[in-house]
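J.: Structure incoming, see below.
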Amino acid sequence: MDAAKVRSEFDEKMMRYALELADKAEALGEIPVGAVLVDDARNIIGEGWNLSIVQSDPTAHAEIIALRNGAKNIQNYRLLNSTLYVTLEPCTMCAGAILHSRIKRLVFGASDYKTGAIGSRFHFFDDYKMNHTLEVTSGVLAEECSQKLSTFFQKRREEKKIEKALLKSLSDK
């Protein structure tokens with residue numbers, strides 16, 4: 001696994017689309033993460049964005065949803081020769097699903113130093129005991145992906161401060 005794999009114009013195009021999908025998550029109050037699954041002919045076969053809050057489902061991460069959609073579209077849970085683009089480094093749960101789906105390649109934008117399973121926090125695919133290997137390319141549009149998340153969490157913190165101040169002012173009356 002080499003994080004410095006060559007990034008193509010197509011990789012950037014798909015990551016920009018994943019960022020658009022992340023906007024859908026944000027519009028729903030979800031953490032803005034988007035994912036796009038592409039087959040070897042460069043056709044989009046699955047897409048997803050975070051829906052854990054909306055669906056009350058801790059597994060409804062963008063990656064999982066994109067993999068599920070892709071599997072349904074090709075009617076096979078093995079997503080051989082496909083590439084998954086995701087705006088944030090996958091967590092361990094998503095890394096497990098990625099492994100089982102047998103995708104050929106993973107491309108992600110921002111690193112996740114809290115829960116990232118592809119090198120930032122954990123090294124899920126580096127274990128020699130894994131029964132599948134895949135190519136990983138990291139850092140595609142990393143700045144844009146990271147900024148989207150930073151802006152979201154900054155806004156969320158500001159909203160919490162306002163809410164807390166409002167509750168305090170109401171309790172003081």
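Heads up, the Cβ atoms here are built off N, Cα and C, so glycines get one too.
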J.: Of the candidates His61, His123, which one does Swiss-Prot list alongside Cys91, Cys94 as binding Zn(2+)?
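T.: Candidate in the recorded Zn(2+) site: His61.
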J.: Tell me the Cβ contacts of Cys91 (Zn(2+) binding site) under 8 Å, same chain only and six or more apart in sequence, or just say none.
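T.: Counting only residues 6 or more apart in sequence, the Cβ neighbours of Cys91 (Zn(2+) binding site) under 8 Å are His61, Asp112, Thr115, Gly116, Ala117.
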J.: How many Å separate the Cα atoms of Cys94 (Zn(2+) binding site) and Glu63 (active site, proton donor)?
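T.: With the alpha carbons as reference points, the distance is 6 Å.
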J.: So which other residues, same chain and not among His61, Cys91, Cys94, have a Cβ within 8 Å of the centroid of the Cβ atoms at the Zn(2+) site?
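T.: Along the chain, the qualifying residues are Ala62, Glu63, Ile64, Pro90, Thr92, Met93, Ala95, Ala97, Ala117.
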J.: Taking only same-chain residues 6+ apart in sequence, whose CB is under 8 Å from that of Glu63 (active site, proton donor), what do you get?
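T.: Listed in sequence order, they are Ala35, Gly48, Leu84, Val86, Pro90, Cys94, Ala97, Ile98.
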J.: Averaging the per-residue pLDDT over the domain 'CMP/dCMP-type deaminase' (9-121), what integer do you get?
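T.: Its mean pLDDT is 98.
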J.: Just to be sure I understand, if DSSP states are collapsed into helix, strand and coil, how many residues of the domain 'CMP/dCMP-type deaminase' (9-121) fall in each?
T.: 42 helix, 24 strand, 47 coil
